[in-house]
Amino acid sequence: MNQALQREVEACQGTEEELRDLLHALVELTPLPVAITSIENSQILLKNQLVEPLFSISGDQTFDALEPKFYGNPTEPTQLLNKLKCGEQLVNYQLQLKTVCGEIRDTLLSAQIVEYEQQQAILWIWTDVTEPKQTQQTDVFAAQKQVEAALQESEAQFRAIAATSPVAMTISQVGDGLILYASDQVKETFGLPSKDLVGRKTPNFYYDTTDRQAMLERLLEEKHIPQFEVRAKKADGTPIWVSVSLRLITFNHEWAILSAFHDITEQKQTEAKLQANAQQQAAVAQLGQQALSSTNLTLLFNEAVMLVAQVLETKLCGFWKLLPNDSKLFLQAGTGWQNGLVGSALAGIQAHSHLGYTILTQNPVLIEDLRTNTQFSDPPLLHNHKIISGIGIPVPGQSQPLGVLSCYTIQPRTFTQDDVHFLQAIANVLASATSRHQSEARSHLMERAIDASSNGVVLTDANQSDNPIIYTNAAFVSITGYTADEIIGQNCRFLQGSDRNQPALEALRSAIQEQRECHVTLQNYRKDGTLFWNELHTAPIFDAEGCLTHFVGIQTDITERLQTEAAHRQQEGQYRRIVQMATEGIWMLDQNNNTSYVNQQTATMMGYSPYEMQGKSLFAFMDNEGTVIANHYLERRRQGIHEMHDFKFRRKDGTDLWVILSTAPMFDQQKNYIGALGMLTDVTDRRRAEVGLRESEHRLNGILCSLEDVVWSVSATAHETLYLNPAAEKIYGRSITEFFDDPDLWIKVVHPDDQKRVQAATQALDKKKSRKLEYRIIRPDGRVRWIQDRYRVICDPMGQSIRIDGIATDITGRKRMEEKLLHDAYHDALTDLPNRVLFVNRLKQAIGRAKRRSNYLFAVLFLDLDRFKVINDSLGHLVGDQLLIAIAQRLPGCLVSENTIARLGGDEFAILLDPIKDPNDAATVAEQIYQALKLPFNLNGYEIFTTVSIGITLSATGYSQPEDVLRDADVALHYAKEQGKARFALFDSAMRDQAMALLQLEMALRRAIERQELCVYYQPIVLLATGKIIGFEALVRWLHPKQGLISPAQFIPVAEETGLIVPIGLWVLNESCRQLRQWQMQFPTASKLTISVNLSSKQFSQPKLVDQVDQVLKETGLNPNDLKLEITESGIMDNEESADLLRHLQALNVQLCIDDFGTGYSSLSRLRQFPINTLKIDRSFVDTMQESVEDAEVVQAIVTLAHNLGMDVVAEGIETAEQLAHLRRLHCEQGQGYFFSKPVDSDAVEALLAEGLRW
């Protein structure tokens, strides 16, 4: 017995050890950080090697998984522990960890409380999902929750933990491969349910059957194979990639294999994509290198299509070159095509062709499946090759595409965006290579052209210190006698030998320093020492960034030409002797402006001898000012122009010599300019006299030039311009020369609408010698300017007109201001509609037309927006202004162009319908306006609805003043509003009479307040149970000195509308309280009487109402509890602040009463919120409650409601004993009416109180 027990214990211990080894293997095989820590002291009980890198800790460092320093949020550990202790299992819980180095890592945490080695522990599994770290995770892309291993001490517990792992795991026998255990993830990874595997031999998951046998042999030898990658397949044959870890373990006392499979197919696909991208990039780089060194474009294009076909693994690839006529594509290079097509095949350029569409759109064009494609109907060329998918990429050129790079497959294929980018990169390489080859070809052509030139061409490097020659053509070599090797590297001055002081060299050096062109004649020497004359043209060369790089020089050997010219000069010697004796000065210049001859007279004038002047530049005999002028004249000489002008030279002694200089150019037989001949006449004395005059003129001209106004002078007859100051160019936008060249330009620039008026004013100058005229001109840029011209006629001593002098001033600014002021004076600033002034003016004109024509009709519509104040107060004045603008824009759509719309102010508009055919037209327009303005306005995010009230008056009434028309239209408008708004009304005289009566009543009422014509009447309020008077209601009355007692029904509405009800109500309140207090002191029985005073809705809305009531009570000394304030039902309900206001009044200890209850629309829920003491039943119910069952029930309901709410009830309008009896039966407490007493004055009240009357 004891031996059997001992064997059973040993078997259990063996099982426990196997399970412990199995769990340790499971933790080690898991490719994620896994740890088990004690829940009591956080001590690590088990972990794998991936935990340390996650937290950046070394193996000898202590580690507490719940230590706050390891968390981005220090409160997170406490929250995690609480969740776990509450039995919650965390799965993919998002968490930020902080390493020892302070690095933040985003992780997904799976954790739960397990039992391990007979103690409570926490199983931790972390997945690092930090973006930069994803590619560093071993064998994991976007890892999910892995194994949730537990430390259960039973096989069942292990199976439960392994079943939750996302890694497929199996345990199989070593020998026959019988599966002892399979996790649920096997189905997700291989498509086989785990329950179907247990008890069966291990299926061959490996794609290559040799892989499994090789791994088994290796495992038996090494006991553990860490992770390795292998191709596998699912149950349906789908190929996948898996990462496999194998460990030899003991299971049920036997050797078994623990296998962990992790699906890494997505990772492998990503790697394959990266490899393809790298291959494509390498191909682009390879082709780019070849393009830089290749001199044969054909070979380069052939290499490109071969490379593309290889990289993209396509059957066919080709480059289709666009032919010069832009109508065909030529297969220049290709691979995979049928023999003979490359170099001969042509394709058209049409939108229905794949290649043509690519050229036309100049964008990549992809074909998913040509068999089902309906866009392209390509020629048999593609169909014959059984092409299914393809892609075309335009190869860019300078002005048009070079062609199309295309690839085709005979199997369905979807070309990716990476493929597109790869082909575009290849196309760009081909485009760059083509552009470079074309540039080189152009350079070679330019070199051949320069070599063929008969002029010597030399190129120097401007960026080297001595500007050495870097290129010379054959003609330059021929002219100088040097070889090209002898010339290259030299500075051009080596040709001058020792003759370095030539005048032209200075000009050449200046041109080089200033980086400009230069044309000089130099004396050079050939290699054999012979002299030759060189006519040299130089110019700087700049790169694309504008930086100087080179100088180019073009030289011509002019030695023979100069020798010919020398012979000519010898022939001219005889003529010099002739001119030596001339009394006029004679001066000859060569083509370089150097003195070739002067006679003695010229030398004498200049103070030199002829020898001293010989060979010197003309500019040596003048100052700087003269040099500028002389250059201008000399340029004209080169153009063959003869002329005579005054000129100033500088004598040898420094004084000025003024001459009249007659000059003529000289040309050789080839019409080349060879110099100039001048004849000089000394006019120095005359010039001195003229200088004074010119200085005076110069001062005057300076003044005229500084003026902003145009000063002008023209001839009186032909109007030719005689003078014009520079201001004309600014104002007229034309040069002064244009006015001198064209006498008619003065009229041409005038605005076409003003030309006749200006011409007429000009022609009338003979009769009126001066004039001021305003007109418009049109500048060349199209702008219109206003001009004010003031001019007068100047006559000779005989009285004949010789010229017209004038001053033109630009008054455009003033005119625009006048126009703006005029517009603003007659238009509304907000809506830009006509304002009241302009409207009244047009209305006055319409009245005039109606008086002159008996059948002429017009109408005026006066518009006022309904509820505009509500919109303005609630949404703001900005929205209110936008609404007015929108209405102003919508109204014209209801009218014809002849009508006038005006904004009179606020929300009031007026419309003049002028003319109308029938009075009904006005009503029709009013209806159209009403319908148009009913539509919503979308303003500033609000949808706004509004209506309009319209008053209409017709001209048939016979008006003579516009104000009368507007007045009557306004009267009709108010009538429309009184009828309920949102309608229109046509004026008639009865409206005016009514309006006048109301106005007179208002004026009389205002005077009545001032004259104290108002008085208070009092109607008794009776306690119905006893018939005793318990109070009075104060009622205002108007005792007119002429009309007698005026009914409140007449003047109270006027007081309400005008706001006079507020001061009247305050006066009634004060007078009533004063009177009651007087009665209370006068009659001992009146100490408990109350006074009821009505508050109008406007008075109830006054912000100072509470203060006013309090002040009246204090001034009169009345007990607040003796005052009852009556407010109408609608007055309370319409005021949003009623509840607060009533509570403030209640705080004064006054009683509050709702008057005319039952006639309004009260909300019982709101009524309960108000501190009301009394309800007054409206007289309309009391008057008919005997005849109407419904009214009797209403009275009963009001009494019951009041009692339920703790309120008293007062019945108004009691006139019969039957009514009194009925109300007593209903337990109505109080009443008033003519049955007791009509309202009476204070004297009558005192009589009632003295009598002590009861009912």
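All positions are counted from 1 along the displayed chain.
Just so you know, glycine gets a Cβ as well, placed from its N, Cα and C.
Remote same-chain residues near the domain 'PAS' (176-219) are listed as 159, 162-163, 165-170, 225, 228, 230-236, 238-240, 242, 244, 246, 248, 251-252, 256-257, 261, 263 (criterion: CB distance under 8 Å, separation of at least six residues from the stretch ends). Residues or ranges marked as domain 'PAS' by TrEMBL: 176-219 (among others).
The annotation domain 'PAC' is assigned in TrEMBL to 226-276 (among others).
Taken from TrEMBL, the feature domain 'PAS' applies to 442-515 (among others). When pLDDT is averaged over the domain 'PAS' (442-515), the result is 84.
Residues annotated as domain 'PAC' in TrEMBL: 516-570 (among others).
Under the heading domain 'PAS', TrEMBL lists 571-625 (among others). Helix, strand and coil counts from DSSP across the domain 'PAS' (571-625) read 27 helix, 12 strand, 16 coil.
Sequence annotations record features per position, and here TrEMBL assigns domain 'PAC' to 643-695 (among others).
Note: the domain 'PAS' (696-769) comprises 39 helix, 11 strand, 24 coil (DSSP; helix = H, G, I, strand = E, B). Annotated domain 'PAS' per TrEMBL: 696-769 (among others), in sequence order.
TrEMBL lists 771-823 (among others) with the feature domain 'PAC'.
According to TrEMBL, the domain 'GGDEF' annotation covers 856-989.
Under the heading domain 'EAL', TrEMBL lists 998-1253.
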Cβ-based contact of the domain 'PAC' (643-695) with the domain 'PAC' (771-823), 3 or more pairs under 8 Å: no
Residue distribution over DSSP helix, strand and coil in the domain 'PAS' (176-219): 20 helix, 7 strand, 17 coil
Within the domain 'GGDEF' (856-989), residues counted as helix, strand or coil by DSSP: 62 helix, 37 strand, 35 coil
Residues of the domain 'PAC' (643-695) by DSSP state, where helix covers H, G and I: 12 helix, 30 strand, 11 coil
